[in-house]
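What TrEMBL lists as transmembrane segment is 89-107, 198-218, 225-244. Residues or ranges marked as domain 'Fatty acid desaturase' in TrEMBL: 90-349.
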Amino acid sequence: QDAFVAFHVDKVLVSKYLKPLQIGELAPDQPSIEPTKNEMLVKDFRELHATVERMGLLEPNQLFFFLLLAHILLLDTAAWLILFYFGTSLLPFVFSLLVLTISQVQASWLQHDLGHLSVFRKTKWNHLLHKFVMCHLIGASANWWTLLHSQHHAKPNCFHKDPDIDMHPFLFTLGKKFSVELGIKKKKYMPYNHQHKYFFITLPPLLFPTYFHCHTFYIAYTKKYWVDLAWMLTFYIRFFYTYGSLLETKVLNCLISLHRMLESSWFVWVSQMNHIPMGIDYDKNLDWMSTQLQATCNVEQSLFNDWFTGHLNFQIEHHLFPTMPRHNYWKVAPLVKSLCAKHGLEYQCKPLLTAFADIVHSLKNWGELWLDAYLHK
């Protein structure tokens, strides 16, 4: 299966776990591709994947990721040094807050690379550094992230299968179909016709400080991720010891709350610009490439966009090749575009600000669809 190939780095190691699951062989006259899947597209994508492997595009550049980690650690240290050398008045506090936020967001992008096993070819090294970056530098569970994010990649924008769209219908109504269905059923958990307005004061600033903060501890505890919890504890000990020696309790709580809100806003705008404006539906059991393309879009490439988004501006390539090191996305992009053109598939790429605006426009349109269906007699 293409999903199996996409997610696993060491095919030999994981293939042994498939043997107990084998229940037989297909008869010679039985098709190996389900009728909902495009057989020619499946064949061409597998050829593309083989080409990508031959070109060495799945091989990471260790120096690239070392420099990423180095600049994160330097920023993290600089945030504290600003307060240590310049005092805790308003101006140094603001600068320290901004530097700390940048460090945390960049650490989020790096842990994303590690979680996808794209930094080292050996899985155990990815897992080890993932715990250091995600648990110690950020304060969240690495296993919690892997659990949720793997589901998202397997079925992006598929209702009840992608946890990233679980905010429907309790906070937002998402997608044309579901918005109309919700209106016809006369269901109203929120004033959806205003969701494009309350989005600004809910999801971006509050996702990390509220839901993610509680959920990561809840999952880590209930699933007994004791190693993750121990690593996470080191983050809070380090943070409150270092900053607590410089700041009063109220100011310290203000620092951690504000930096989580800023980090959350940065993360939400970047992560949702590639998915929310795209198709949201039930799982239609499409082939791997079609499943990923209908739920993702790209943002134009530039040095700033690459850094600001952690190369998630190449969301299409990332979803098609989740273990590919991010520094190679731009190399495979022309090949993906060519394959899309051959099969008449839409390959969306837009400016950064347009991608942000499309989130709001989509929420506004879906809210209006819900209201029309809700008021229809």
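Cβ from N, Cα, C; glycine included.
Curation plays no part in TrEMBL annotations; they are all automatic predictions.
The average pLDDT computed for the domain 'Fatty acid desaturase' (90-349) is 96. Long-range contacts of the transmembrane segment (89-107) within the same chain: residues 68, 71-72, 75-76, 78-80, 82-83, 133-134, 137-138, 251, 255, 258-259, 262-263, 266-267, 310, each at least 6 residues beyond the stretch ends and with a Cβ under 8 Å from a Cβ of the stretch.
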